Amino acid sequence: MSMASSSFSGSGNALMWFRKGLRIHDNPALECASKGVTGGGFLYPVFVIDPHYMEPDPRASSPGSSRAGLNRIRFLLESLKDLDLSLRKLGSRLLVMKGEPGEVLINCLKQWKVEKLCFEYDTDPYYQQLDIRVKDYASAARIEVFSPVSHTLFNPADIIQKNGGRPPVSYQSFLKLAGEPSWASSPLMTIFPSLPSVGDVGSSQIVEVPTLEELGYVDIEMGNELPPFRGGESEGLKRLREAISNEKWVATFEKPKGDPSAFLRPATTTLSPYLKFGCVSSRYFYQCIQDVYTRNKKHTSPPVSLLGQLLWRDFFYTVAFGTPNFDQMRGNKICKQIPWNDNDELLTAWREAKTGYPWIDAIMTQLHKWGWMHHLARHCVACFLTRGDLFVHWEKGRDVFERLLIDSDWAINNGNWMWLSCSSFFYQYNRIYSPISFGKKYDPNGNYIRHFLPILKDMPKEYIYEPWTAPLSVQAKAKCIIGKDYPKPMVSHDSASKDCKQKLAAAYELNKKLNGIVSEEDLKVLQRKLDATCDSVLNPVHSHSSSGAKRQRRS
């Protein structure tokens, strides 16, 4: 991760390449680019619309590209619009271009006689490959490059180096290695008086920030409920100020105590999409929290504190950066090898909110509509898909989240799916989220379900979490016949979760016996053994009796 010095010599033109880091405040790359322009040079702020992420895919299961759902694309476009407005206030503007980013960038460097190239460092594998190509060209063309680490609190490479070249795989060991960030008590640059002007762009195809329609998203029916997230630095800083202003809430924040069913006022900061796109600097957020802690000596501590949440983010970034094949089971040293089901029917029912469990289906509906849900809600649906009920591969669920979440983040998404499936980090596979009692604990009236699954809005509260147990007369009165208007449960949770525990016990035993070196053939042999003994996933619930309800509630 070698980087050129941030103090550029000479004069000439600089190019600021935005990818994440879509903000003005605490943006060391932008600061360096603006200072590097002297002697009548120009600053070119560039964002490239990457078809890899933005091009409509008519074959996708819901509106969006093959890699991103419509909610995330909309959020990104709003963030770019906001960034452009902020740059214009400082005498500059955002130069939006379309195409393969490496190709576009290299053409710009050539055409605009750029001497300094600045962009925020990115640990994602896609950008790692892209950056090598652009840096190689810059080096050959004698263009200075400055690529600072400012998306995370720490440089992941430094932590890995401190740990003898291996990433720490527990949060506590990460905390010990990390200590306090070197910049923690230094003032961050949050305001620019002005920026150098943009020079002649020659024959480059510059466009305004496109609308969804201009990207090819036409005739899209999104219902009457738009997600309550507007992209951009302005909105992100507003939300940050609101969260931080409640000092008691910040000081006493404990992550496990949030309410996953609170949707009108979510029981969290809702800053994750703004951190994902770098509309809000995690370093600035860190300093804001520390300021509150200075004034409130009695406060919670990591891992549950608000500061602890930012450190979790860095932990996952560090492990992901230092672990080959972090995004897959095979060839991933920290991931247990488990013979997951390869059942697209189960996956589709889960993804499309048709499992027959209202709590699970309401969460998946919120994911489709908003591109966001509370972290405990994510835990419930991830557990249900993998080790709790359906035993479907975590990579399949990861792909759904990666596409649909507006805050989808490569390192955090993969890390959390391994965690929730008990493939890595967390191994207490007997602790399963009930798709019935967990939601009921927070929302006994089922208001969350009624909002996201209006077909169940008239179901009495004693049946809202288990509508298949309601007498037919009650179902008729609620205008929701189970099996017709809303699906029957696709599995019996009691027997499915029992089967899942048996399968994981057997898989853990195999991993232990073979010291983690488990081949495809080993997994196939185990799969055949398990298939012979565990078959509840194929046997849906048909009971409408109240005894079914009693059996289910115990889990």
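Glycine too: its Cβ is placed from the backbone N, Cα and C atoms.
Copied from TrEMBL, the annotated features are:
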BINDING   268-272, 309-316, 407-409  FAD binding site
DOMAIN    12-153  domain 'Photolyase/cryptochrome alpha/beta'
SITE      Trp340  site 'Electron transfer via tryptophanyl radical'
SITE      Trp394  site 'Electron transfer via tryptophanyl radical'
SITE      Trp417  site 'Electron transfer via tryptophanyl radical'
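Feature annotations (TrEMBL) mapped to structure.
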residue : record                                            : Cβ contacts under 8 Å, 6 or more apart
Thr268  : FAD binding site                                  : Gly258, His374, His375
Thr270  : FAD binding site                                  : Phe229, Arg239, Trp372
Ser272  : FAD binding site                                  : Trp372, Asp407
Leu310  : FAD binding site                                  : Leu153, Ser282, Phe285, Tyr286, Ile289
Trp312  : FAD binding site                                  : Tyr171, Pro303
Asp314  : FAD binding site                                  : Thr152, Leu153, Phe154, Pro156, Phe174, Ala178, Ser282
Phe316  : FAD binding site                                  : Ala411, Ile412, Asn414, Gly415, Asn416
Trp394  : site 'Electron transfer via tryptophanyl radical' : Met329, Trp340, Ala382, Leu385, Thr386, Trp417, Met418, Leu420, Ser421, Ser423
Ser408  : FAD binding site                                  : Ala68, Arg72, Lys276, Phe401, Glu402
Note down the number of other Cβ atoms within 10 Å of the Cβ of Trp340 (site 'Electron transfer via tryptophanyl radical'), including every protein chain shown.
23
Across all chains shown, how many C-beta atoms besides its own are within 10 angstroms of the C-beta of Trp417 (site 'Electron transfer via tryptophanyl radical')?
25
Averaged pLDDT, computed only over the residues in the domain 'Photolyase/cryptochrome alpha/beta' (12-153):
96
For the domain 'Photolyase/cryptochrome alpha/beta' (12-153), give the DSSP counts of helix residues, strand residues and coil residues.
60 helix, 29 strand, 53 coil
